[in-house]
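Encoded as structure tokens, the structure appears first; notes follow it.
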Amino acid sequence: MSDFPDDMPFFGEPDAPRKPQERPAGAEPSGIAARAMAARNQQRGEPTYLTGLNPEQRLAVETTEGPVLVLAGAGTGKTRVLTTRIAHIINQGLAYPSQILAVTFTNKAAREMRERIGVLLGDSVEGMPWLGTFHSIGVKLLRRHAELAHLRSDFTILDTDDVIRLIKQLIQAEGLDDKRWPARSFANMIDAWKNKGLSPSEISEGDARAFANGKGRELYEAYQNRLRTLNACDFGDLLLHPIRIFRTHPDILREYHQKFRYILVDEYQDTNTAQYMWLRLLAQRPQNKTRTDNPDGFSAQQGVNLCCVGDDDQSIYGWRGAEVDNILRFEKDFPGAAVIKLERNYRSTAHILGAAGYLISHNEGRLGKTLFTDAPDPDDARVQVHAAWDSEEEARAVGETIEQAQRHGHKLNNMAILVRASFQMREFEDRFVTLGLNYRVIGGPRFYERLEVRDAMAYLRVVAQGADDLAFERILNTPKRGLGDASMRQIHDYARERGIPMLEAAHDLVQTEELKPKPRSALREVVENFYRWQSLIDITPHTELAEMILDESGYTAMWQNDKTAEAPGRLENLKEFIRSMEDYESLRGFLEHVALVMDADKNENMDAVNIMTLHSAKGLEFETVFLPGWEEGLFPHQRSLDEGGRSGLEEERRLAYVGVTRAKKNLHIWFVSNRRIHGMWQSTIPSRFLDELPEAHVEIAEMDGNYGGYGSSGGYGQSRFEKADPFQNSYSTPGWQRAQQNRNDATRNNWGSRSGANVERIGYGETESSFGAGRGSVKGRTIDGEIVSKSVNVSTSDFKVGSRVFHLKFGNGTVAVVDGNKLTVEFDKAGQKRVLDSFVKPV
DNA sequence: AGCATGTCCATTTTT
DNA sequence: TGGACATGCT
């Protein structure tokens, strides 16, 4: 929390401001006076920040008392409501900034809110100390009460990497095979348990048994113990420790109840169970004592001043523990809650909203909103659905459309390609490189996750927190000092035996004869260095100290001596790393920032097309949006369907909804007939979501060119879509039911009905049927796209080496190798390819 | 210690 | 197919 001060005294009388300038403009310290002031404001006319809000937004801002759920659809001004509401509370003197708890999921959202509140309130009000992510606020709470969680207040926050390494050690210490029981998957299990708020004693018997021959619970316990001895926390603990503290120390909880007059939560649909418990503890005051607990008379109404903002239709993080149910249940959880729907959309055209609305209406279990707009749309551009032969052509065509738009004066920055899975990006990147079209990929690996930055961090962590064994292990032999596994083991064992940190153990060990001379002197040097750096921590500016550490440790030299291509880049990153420290007051502050934020600003000024996943597009908007890959198996993704069933499908549909609602003016959706998955070509069928788009708002785009040579001659490429009644049938047959059909039936039926529905493929449906029939042994239980995975372990192909076969994409060829149902075929024109036997037919 | 070879895997991502 | 990772060889 280095980036904003909490200069408001913590447990003081809430009504006695410490510093006069902390008083919000126009507000008086006491509740009664505040309300009087508010009344005066009313008489004078409404505050300017309220003008320009629509009635619903305004209601959401002004309903300050009691529980409120704001259902804010995409592009309905959610952030505006949230920030204005805070400004309103402060401006009306209902609370000081320090008495408002405002929680977001991402640092980005927190930053944005902070800025916008600043704009609303001007400079006269200091930043809000309790605005932040669940985790950053969790840290803040935990630092105050660390001892109640058996930690010191300078505990370290471990990231996923640290956690995995730690768990790996534990698994090995148990004498288990870390191959058979990968640390990563156990880390995921722990994470999932923590998302649900479960401590080792609370996990289900089944879960406990599921890992490491029934040692799951034991390992989880061992892990927690290890964290405690390391004086460390993982991300989950940042929530769980406060929860436990609140539960076991009602007095402490009560103090926070008094402190936080107003609680606001952003993206409520993304909360997991632990976050929900945390919120509930803070928000739910004991009913019977509401009055007496409120001596200051602030709370005019009984109940909680909790305002949750979210959109059940945009819940796309179920797979990482988010419980849509939290938002669906809100009114039950908080009786008497006001529910305010924001449905007026300020972002997209009516066509786009129409498409989005009809698509999402196929979900059950929603609270139900329909976005609308009054804004005229001069272009009257419908959503365009395009077909392409394969992913290569898809990329080519998208590239062409982008260039066309660019020629018409559209900025690349205003365009985005949103994919379901990141492997799809590559084809676009390749194409854009060829075209010389600027693009940027949003999402990829982060600055602080890079190897060299993590190494540098590890050095700093050992200096700042000598007990940080994970960091110590990471850099003990980086750069190489001849301190290999053997030395590491000795230090480790020595430390474990005595229960001391490894740095200390190393310090002791060099005094003994236990190490061989060479490692001993190397280790002595390391230890002496660290001790020296530690002694400098308070007397040397932290950036200078960091430079010193990297130089004297030989770390910088290591990269300077490295002749590989990436070394210069790494050195550059290290410089950038030091530079980024300048923004922080101290080493401690910096380390905390990195642990929680893992984010470094990049300077992106160029005009470039944005490429990212649908997930990372949430919250963003673009003039023109491309949504490629709308095919069964990819989108909706097969695994979501397999693992999540109906709710998995609904989450995929919400993801589609998120994608569609990112577009302001132009939306292009693409699907292809052939996609290479795991290196093998597969026929694909259009996504069921295409059937779920309303005819009135959608236009089937004609292919306007010869893409790739197959198109013009091969019969398919010149896609023709039947305009007559393209969507009619599919509504009566929900895609999901269709999906339950047996693969062969599904293949025939889908192609059959689809070619009569929105696609006409000359000669395709017929051929495909016969392909399917050629492989009767494969029984896909669920979805069409599944064949690949299902077919792997199935009987050997009917094809033989030397057979002549025909493939839709590659034409005629001769089978060269048969491997189960995978064939290597020497095609006459296309050369050697690996294909599934189901996609070729005998000639 | 560093390269060659084999093996396994293959959504989505924040903190 | 290709990449990440581990093992094993020189």
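Keep in mind that glycine also has a Cβ here, set from the backbone N, Cα and C atoms.
Source: prediction; values computed, not measured.
Range with TrEMBL annotation region 'Disordered', chosen from A:706-732, A:733-759, is A:733-759. Using a 10 Å radius centred on the Cβ of A:Gly75 (ATP binding site) and all shown protein chains, the other Cβ atoms total 22.
In this structure, the binding-site residues under consideration are A:Gly73, A:Ala74, A:Thr76, A:Gly77, A:Thr79, and the one with the smallest number of other Cβ atoms within 10 Å of its Cβ is A:Thr79. Regional average pLDDT for the domain 'UvrD-like helicase ATP-binding' (A:51-349) in the model is 89. Most Cβ neighbours within 10 Å among the binding-site residues A:Ala72, A:Lys78: this distinction goes to A:Ala72. Look at A:Ala72 (ATP binding site): DSSP puts it in a strand. A coil conformation is recorded for A:Gly77 (ATP binding site) in the three-state DSSP classification, outside any helix or strand.
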